[in-house]
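Quick look at what TrEMBL lists:
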type: ACT_SITE; residues: THR217; note: active site, nucleophile
type: BINDING; residues: ARG245, VAL246, GLY247, ASP248, THR268, GLY269, ASP270, GLY271; note: substrate binding site
Amino acid sequence: MSVHGPVLASIFFCCDYELKIYQDIGCCLFIWQPWLIVYCSSIISPTNKAWSVLYNDKGVALDAVEKGCTVCQDLQCDGSVGFGGSPDENGETTLDAMIMDGITHDVGAVGALRRIKDVISVARAVMEYTTHTLLVGEQATQFALAMGFKEESLTTNGSTSIFNRWKDSNCQPNYWKNVVPDPKTSCGPYTPSNKLVHTKHSVALEGKNYNIDNHDTIGMIAIDLNGNIAAGTSTNGATHKVPGRVGDSPIPGSGAYADKFAGGAAATGDGDIMMRFMPSLVAVEGMRDGLSPRKAAEKAIQQIALYHPDYFGAVIAVTIKGEYGAACNGMDTFHYSVANRQLGNTTVLSVPCL
């Protein structure tokens, strides 16, 4: 698919909260033109803010990504973004985020950030005030405090309730294997078992905790009026994760990727599996090599499926010219929304999964 006529600014929004509308994993792709405003669900504030930065303020792509993700964090979109969602095995919510400048390939990211709500802005601070790419855990929190961010609890009554129900259900589901007591029937603490199991069956079960009710990441890609491209992600990760777990979202090339010559991509689903295959990078490089966005996304999905045929995930891709496409696995259909001059109004598109 392609866009005819000038595309002045583009936003591609992988939105977990779309699940409530379409009952399916969803991703929204926005191709903005200055006379068009589009959004993928009834929660319109994040996209309105990003568009306001690009169009009303004539802002840059990095600002649009940061401000759009910030609104979603504040709104706790679908419980998978921001504070008060996806408590880990200790009942604590931690946050991951990344922001990438597709013009310079500078990246800032944080993983397992504790007690700081504005995670996408902390990621940008890593990019702008250090020569590092990724900071994690308590040390990332200390960096954020030094940069002037506010320390506050990320726990809410809702996340406490999720944690307590999980404990009352013998800590099911969880992400442990090859430990005692049996993680399929008991809570921890766990210790290594004397027998490791490495079978196709155990590998196939690796992604069993991911489905339309538990997957992570809001991803945003923006192209501003000057053609600058940026990408960002924000998430509170997998519910009931092992403390310290960092998923694919803050990993450039996995959660999202942006390149000024090729375009951008974003991924959602089982981050522990997907981060091993760098699907966003694979999709962008596929477009660089001449593949259509859909074929590039399919290539990224197929590479993972060779090893994990039943894994749950999706990739959406867009060229710098505004062509778009998507691919998915582990579900029947993947939905994403497109708005541009050609379509006139927001249109929900779907692609059958591989």
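Glycine residues also receive a Cβ, built from the backbone N, Cα and C atoms like all the rest.
Here the features listed in TrEMBL are painted onto the structure.
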{"residue": "THR217", "record": "active site, nucleophile", "Cβ neighbours (10 Å)": "31"}
{"residue": "ARG245", "record": "substrate binding site", "Cβ neighbours (10 Å)": "18"}
{"residue": "VAL246", "record": "substrate binding site", "Cβ neighbours (10 Å)": "22"}
{"residue": "GLY247", "record": "substrate binding site", "Cβ neighbours (10 Å)": "26"}
{"residue": "ASP248", "record": "substrate binding site", "Cβ neighbours (10 Å)": "31"}
{"residue": "THR268", "record": "substrate binding site", "Cβ neighbours (10 Å)": "33"}
{"residue": "GLY269", "record": "substrate binding site", "Cβ neighbours (10 Å)": "28"}
{"residue": "ASP270", "record": "substrate binding site", "Cβ neighbours (10 Å)": "28"}
{"residue": "GLY271", "record": "substrate binding site", "Cβ neighbours (10 Å)": "29"}
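Farthest C-alpha pair in the substrate-binding residues ARG245, VAL246, GLY247, ASP248, THR268, GLY269, ASP270, GLY271: 16 Å apart.
If you take the Cα of ASP248 (substrate binding site) and the Cα of the residue listed as 'active site, nucleophile', they are about 9 angstrom apart, rounded to a whole number.
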